[in-house]
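J.: One structure, pasted below without further comment.
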Amino acid sequence: MGGSARSRRGHRAWLVPVAGLVVLGWGVSAPTAAASGTSPAPEPTPASSPSPTVLGPPEGAPVDEVVGGTELGATGVPLVATSAPPLPTVDAQAWLVADVESGDVLAAFSPHERRPPASTIKLLTALAVGDSLEPDETYVATEADAAVEGSRVGLVSAQTYTVENLLHGLMLASGNDAAHAIAEAAGGQDYTVDLMNDEATRLGAFDTTAVTPHGLDSPGQLSSAYDLALIGRQALADETLSRLAATTDYDFPGTEGATFQIQNQNQLLGSYDGAIGLKTGFTTQAGHTFVGAVERDGRTLIATILGAEVRAEDAAASLFDWALTAPDPEPVGHLVAPDEVATLIETGEGDVLGRNPLDDYEDVLSSPGGSSEGVPTVVWLSLGAAVVAGGIGFALRRRPKKPGRYSTRR
């Protein structure tokens, strides 16, 4: 598959349960203490070291393996290379930090666990309608738009707005009324949700199911930290959305020709060096959610947070601090690109994992002493062979989007 040469060269990016948990899988046994020449580690107790759940792809996904690397299916333990410095404490149910340009996932926690996304789903809304609407198109707001629950930018029924106005209301103020209006302008609520789900599939975001364009709690509306990283990276690659995500304030149309200022709800903008977006979220069921990006020292990083009890910007900042100071840690997974996903689904050729995880296990089993590159023998994560789905048709009838800073088309 694509990705950086660093992601593809067959390195061993072993995952360490930071809390000292032992992770066991299928088909490969850890070497004994005698074989490795080390003292046996204490047996973990269930009370102190519960085994994590290992997820597969969600039902109905057009692939048979966890997207981005089999190891990313693990939940309940931080995933990070052994060579990396200690991770910060992140008070959230799921998170991920990755390099935008290489696609390397640097660390993660339950990255494929499906959770309510709240307003971070609005990134997908904006991506989905980008082919259908031009910024200077106009739309007359309705009573249904103005009456949507939750956060609102303040649409007034019967007033005319441009799509550019509505996108600012969506991205900066997180207006549910703006999301409803954009969906209507694009062809209706149901049609827009279909576009959103099509776009998620195109990106390889198979954990994501959109039910609404605004992200209010709805049965079955779910995403994952991994998927939001794919969606956020695509937003950075879109010229319009990358600009809006970094905009701090905007004069929004009021009544009788007046305007009022709206502010971007992302608290990292202007306060964290290099912050360039992307989207906040909160609902009762979802908790605080966040997709953030920073550009610093020649690198662009993305962090996603789901299920935080407090505003998630500080958690993302701690992950950015860690990633920016970590000495080039080995990646634990890979953000797939749309062309990789299309090739896989259309032809059945390619590797949704970005590498063959069996290479790691074969090297370890054949190496002297049964361990490799300093991997503690008590730490083993074997999740089986990669099975690539084939023969599933996927028609892509979308014109190319305007490229932004970081095009994901290779």
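The backbone N, Cα and C atoms fix where each Cβ goes, and this holds for glycine too.
TrEMBL: automatically predicted annotations, no manual curation.
Feature list, courtesy of TrEMBL:
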REGION    33-69  region 'Disordered'
DOMAIN    86-309  domain 'Peptidase S11 D-alanyl-D-alanine carboxypeptidase A N-terminal'
ACT_SITE  Ser119  active site, acyl-ester intermediate
ACT_SITE  Lys122  active site, proton acceptor
ACT_SITE  Ser174  active site
BINDING   Lys279  substrate binding site
TRANSMEM  378-396  transmembrane segment
J.: So for the residue listed as 'substrate binding site', how many other CB atoms are inside 10 Å of its CB?
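T.: Result for the residue listed as 'substrate binding site': 34 other Cβ atoms within 10 Å.
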J.: Using C-alpha atoms only, work out the spacing between Ser174 (active site) and Ser119 (active site, acyl-ester intermediate) and round it to an integer in Å.
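T.: Approximately 7 Å lies between the Cα of Ser174 (active site) and that of Ser119 (active site, acyl-ester intermediate).
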J.: Please report the number of other Cβ atoms within 10 Å of the Cβ of Ser174 (active site).
T.: 27
J.: Using DSSP and collapsing to three states, where does the residue listed as 'active site, proton acceptor' fall: helix, strand or coil?
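T.: DSSP assigns the residue listed as 'active site, proton acceptor' to helix.
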J.: Give me the mean pLDDT over the domain 'Peptidase S11 D-alanyl-D-alanine carboxypeptidase A N-terminal' (86-309), rounded to a whole number.
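T.: Looking only at the domain 'Peptidase S11 D-alanyl-D-alanine carboxypeptidase A N-terminal' (86-309), pLDDT averages out to 98.
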J.: Return only the integer: C-alpha distance in Å from Ser119 (active site, acyl-ester intermediate) to the residue listed as 'substrate binding site'.
T.: 7
J.: Any same-chain residues 6+ apart from Lys122 (active site, proton acceptor) with CB under 8 Å of its CB? Would you list them in sequence order, or say none?
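T.: Residues satisfying the criterion: Leu170, Met171, Ser174, Ala179, Pro213, His214, Gly215, Lys279, Gly281.
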J.: Neighbour count, 10 Å Cβ-Cβ cut-off, for Ser119 (active site, acyl-ester intermediate): what number do you get?
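T.: There are 28 of them.
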